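Colleague: Heads up, here are the entries from Swiss-Prot:
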- D194: active site (ACT_SITE)
- D419: active site, nucleophile (ACT_SITE)
- C27-C44: disulfide bond (DISULFID)
- C38-C54: disulfide bond (DISULFID)
- C195-C254: disulfide bond (DISULFID)
- C386-C433: disulfide bond (DISULFID)
- 1-19: signal peptide (SIGNAL)
Amino acid sequence: MKNFAPSLALSLLLPTVQAQQTMWGQCGGAGWSGATDCVAGGVCSTQNAYYAQCLPGATTATTLSTTSKGTTTTTTSSTTSTGGGSSSTTTKTSTSAGPTVTGSPSGNPFSGYQQYANPYYSSEVHTLAIPSMTGALAVKASAVADVPSFVWLDVAAKVPTMGTYLENIRAKNKAGANPPVAGIFVVYDLPDRDCAALASNGEYAIADGGIAKYKAYIDAIRAQLLKYPDVHTILVIEPDSLANLITNINVAKCSGAKDAYLECINYALKQLNLPNVAMYIDAGHGGWLGWDANIGPAAEMYAKVYKDADAPAALRGLAVNVANYNAWTIDTCPSYTQGNKNCDEKRYIHALYPLLKAAGWDARFIMDTGRNGVQPTKQQAQGDWCNVIGTGFGIRPSSETGDDLLDAFVWVKPGAESDGTSDTTAARYDAHCGYTDALKPAPEAGQWFQAYFEQLLTNANPAF
């Protein structure tokens, strides 16, 4: 969950003056001591017990009951992603009627569109990062705020904000955005989420009705997409999920979650198969599934998922390197890749593609380059995923990739949102966040990590 500290500027305001939070900024939540009123035109909308946000044109707030969820006993060298959570919502599952499409994908969904630079991440940069920076670095930070990055729907309480973003995109396009803007979101709320790690355990438990709750979460996303059929929207589906079923099935939580993961993702792919949508399922990275022992079973599994969902036309392919650090291409595989011949993402997708095609799926790919600007990295092992030292912002989002298999470079992981806490006493502490190649001290997953932002900015390649 996100837990922001107020800026120094707010703390210095005169006591007789009521501070107002900027649009998209935080205005409440557990531990929040900053402004609770929004600027004109905004309303403070509660997203969960830990976070409330100023949203334009909002009229009501969403209130949730919350309970503590999620424990695990095993850690592995897998990737993890932003947006852990501890909220749970009891809802009734209902499937909305609406159009679906079947058949083969029809071209690169990024072509002819600009990706959405979401105001939420921009507000983090402007209200959390820049106030403690000066000079040239602050100017560069302002440029980062304009880079498109995905919005993470990592708890059900955030789904209503999807409509706010889609409305914002619609307005931009009606105002003549050229090229038109595409919405970019991450669907990330599986029950028993992140089954082989601790840092990003989610809000739903399989043992507590998690499958039904997840389906209600997907129904709510579908409803938002149906309200905005004119907004082209691209989704990354469930980071750190199916890849665990290849390499970490020996972990009790993963073996116990296998059927639920497959059922839930099947439901998501079918329900979100809409004319204005393109989807990419997360497929780990080359250092995870690129090994000879893993890549064949991975191709078979992903192709089966595609076919079991009735070959949805909106399912374009796979997302790789999400929240990770791998190079797109590197001349020599570094020592920390330990002999893995598919050590970079270009090698990985070109090895995976023919296997997928032979299994019945002519898939394409996108790659997260938000934190891969420094190559080789300072990882001790390619599976080290938590707040790795020495990293930098990487290739900017673009559909100009120079590779027929790669639809786009994207920033899925918002740079400087922590991968996980380094506090060994925390309930969600994962040993990877205490490794010598992890930057410390680090806050909880999803919380703003100022030192990490400054590292990414200083080492950005290309530079800002």
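Yeah, the Cβs are placed from backbone N, Cα and C, and that goes for glycine too.
Since this is a predicted model, take the numbers as computed values, not measurements.
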Colleague: Out of C27, C44, which has the highest number of nearby Cβ atoms, where nearby means within 10 Å of its Cβ, if these are the disulfide-bonded residues?
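Modeller: Answer returned by the neighbour count: C27.
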Colleague: Which one of these disulfide-bonded residues, C38, C54, has the sparsest Cβ neighbourhood, judged by other Cβ atoms within 10 angstroms?
Modeller: C38
Colleague: Expressed to the nearest Å, what is the distance separating C433 (disulfide bond) and the residue listed as 'active site, nucleophile' at their Cα atoms?
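Modeller: Computed Cα spacing between C433 (disulfide bond) and the residue listed as 'active site, nucleophile' is 8 Å.
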Colleague: Going by Cα-Cα distance, which of the recorded positions (C38, D194, C254, C386) sits nearest to C27 (disulfide bond)?
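Modeller: Comparing Cα positions, the closest of these recorded positions turns out to be C38.
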Colleague: Out of these disulfide-bonded residues, C195, C254, C386, C433, which one has the fewest other C-beta atoms within 10 Å of its own C-beta?
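Modeller: Sparsest of the disulfide-bonded residues C195, C254, C386, C433 by Cβ contacts within 10 Å: C254.
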Colleague: How many other Cβ atoms are found within 10 Å of the Cβ atom of D419 (active site, nucleophile), counting all protein chains shown?
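Modeller: I get 31 for this one.
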Colleague: According to DSSP, collapsed to three classes, what secondary structure does C254 (disulfide bond) have?
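Modeller: SS state of C254 (disulfide bond) = helix.
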Colleague: Which of these recorded positions is closest to C54 (disulfide bond) if you go by CA atoms: C44, D194, C254, C386?
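Modeller: Closest recorded candidate to C54 (disulfide bond) by Cα: C44.
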Colleague: Can you figure out which of D194, C195, D419 (the recorded positions) comes closest in space to C38 (disulfide bond), comparing Cα atoms?
Modeller: D419
Colleague: Going by DSSP, is C27 (disulfide bond) part of a helix, a strand, or coil?
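Modeller: Note: C27 (disulfide bond) is in a strand by DSSP.
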Colleague: Indicate whether C433 (disulfide bond) is helix, strand or coil by DSSP.
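Modeller: In three-state terms, C433 (disulfide bond) counts as helix.
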Colleague: DSSP on C38 (disulfide bond), three-state: which is it?
Modeller: strand
Colleague: Could you give the Cα-Cα distance between C254 (disulfide bond) and D194 (active site), in whole Å?
Modeller: 8
